[in-house]
Every structure is written in structure tokens, then in C-alpha cells.
């Protein structure tokens, strides 16, 4: 596995929050080396403290010793009071700042200080509580405006999807979509809930309600891995459809196919079936509080349960049947259990005509008797024999 680093940082906009008091946070889309994209929220005061620490770590590059050596960009200090106008006008500065940082040598652009600052925190995953009196106000950067998301840090282009059916949000953290609505997907969570934006709205939408505009097949779905990855169930689930599997909490299983809609194909012995990825945890890892908050939303609906789905594509997305999964899984397990074939030094190889054989050694002739020597050998040999006797 290669080193962890950040490919791109894009500023999506900012939020005006009212808990515990009124303040503003900036919303960043961070693309990591494994092409995963995460949304994080940071206050400007946090960003400025990060900037000061970065200058202390690299005083030469910060121009603290010689001004002409400065390569770390300048960042103005926060004001005593930051209003909405200041938060909005500062977006251009932040865009240029992080764009410059990502273009610096790797000892700066990939330093642990930068990576740790943009790692997902529990607060980044903690969605607003439906019981809050006043919800956060979100101000997204216009796609055709000055701070185009695609121009912030290189080739970050939000993928566009279309809703195949009406979906009514179940909480304030989700987003309602109608059939035919076009949304930009900001984050694809393994849980099957995707964070989307549509004009000035944003929220979580089940991936099963969305289809790519270009083709009916989800190209990002990986191929099945019949070797399996060990996972443990952290929540019981009773199968509803025939191709699903029922499991209790704490059962050890193997994941053989991870699908983006949040319904993974798992294997328990020789049995395979769909199971919600939200109720799974990698074996040997502890579940975090942030993951508990995501899983509390519940498993997303499956595509097969959506009524009146209207796709713009003539052919539907291809999905393997459970019979195919089961057959391929059994074949793989049989091959894994089968003993290895004997090597070239095995006893069977001596019957193989293609195997090279060693040349036989000549037999040692018996020693001739004394009478034979006296009758057939030379006079010299006879004298030696006579003297020896």
C-alpha cells in the first residue's frame, strides 16, 4: 500500500451555524490518493492556526529567515468579528491558498500536519439534529461563478446523476428529489447514502434512486473478490428479499462484492446473499462514534424495491444473480482447498518421459584370479604377482 496523500482540495462553500453560537465554517471536498472523496468542515480560525503551525515547521519556506525564499502563501489573520460578508469574500483567498499549498514540494504538500488537518473528524459526520430550532444555512459556491469547483485545485469534477424515482426525505439531513432531477454527487459513502447538491440544496440521497447520465452501468463498482474480506456484523438483519441473507449481531462473514448502493454480497460458509454494508465492520477494527452516527440512519432502500422507476437508458444495469455468486464462490473455495500439484521432484516424475534421467554408471568388473594372471598377463605383471606372494 502506498503512502497517504491528498490529490486535490476544493472549496464547496460555507455554512452559517447557530449552535452553540452563531459562527461560520467552510466546506471542503478532499480527494485522497485512493480516489476517495470526503467532505470536511473547518472554521477560519482553525485554518489560520494550521497556517501558523505550518510556518513554524518550515521557517525557510515561510520566509522567516530570508524573505526571498518564501514559497508558503500568505494568509490574512482573522478579524475580531467575522460576518457573512467576510466569510463570503474570503472564499477566493482560501481557494488560492490551498491551491498554492498543493503545488509545493511534497515535504510540505504531503506533510503529516496537512494530512491530519483534513482527516475526517467525528464532527464532520455529525449531521444536524432534527430537533434543532434553527438549522444551519448553506451557501454553495456557484458552479459558473468566479470560484468554479472544477478550477480550484485541478481535475475535481462532481459527477452528475439523475433521479429515477421520487424520493421523499425522511429527515432534515436528507434531500427530496423528484423523477428526472439532476444532482451533483459530492460524496459516495460505502453505506449507500450519497451526499448530493442540487442548486442551493444539499443532503443525503439513497444511491439506489440515482443513475449516471452517461451509461446505465455503474463503472465504479469493483469486480467481485471471491477470496473474500473478513468482516463482522455489528447489527442483526432479517432478510426481506429472497436474494438477501439473515445474520445476527457478531457473526463473522466474508465480503465478496462491494457495491456502491450500500448492499454488499457476503458469504457465510457456502451461503451468499445481499447484506447492508452499514451493519458491517472490518474484522479487528473498532467502530467509531462517527460511524455509529451514520449507521443510525438505517440501511438505504434497494433498487429492486423502488416502484415506478423510470430510467433514461434502454437497458438496465447489469447485476449478477445470487446463483452466479454462489457457483463462482463454491468453485473458488474448492480450488483453494485442493492440494497443490506435486513438483518436478515427485516420484511421479520418474515415469514422465520428458523428465531428464541421469546416465547409469558402469559396473565394476571382478578381480581376476592368480591362475588367469599367470597365463594371460605380461612377464612384468607375473613377476609382481610372484614377488607379492
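One is the number of the first residue shown, and numbering goes on along the chain from there.
Glycine residues also receive a Cβ, built from the backbone N, Cα and C atoms like all the rest.
Noted in Swiss-Prot for the protein shown:
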DOMAIN    4-125  domain 'PX'
DOMAIN    156-215  domain 'SH3 1'
DOMAIN    226-285  domain 'SH3 2'
REGION    292-389  region 'Disordered'
MOD_RES   304  phosphoserine
MOD_RES   321  phosphoserine
MOD_RES   329  phosphoserine
MOD_RES   346  phosphoserine
MOD_RES   349  phosphoserine
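Distribution of Swiss-Prot features across the structure.
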residue	record	Cβ within 10 Å
304	phosphoserine	12
321	phosphoserine	9
329	phosphoserine	23
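Secondary structure at residue 321 (phosphoserine), as computed by DSSP, is coil. If you take every residue in the domain 'SH3 2' (226-285) and average the pLDDT, you get 91.
Between the CA atoms of residue 321 (phosphoserine) and residue 329 (phosphoserine) there is a gap of 12 Å. In this structure the C-alpha atoms belonging to residue 329 (phosphoserine) and residue 304 (phosphoserine) are separated by 23 Å.
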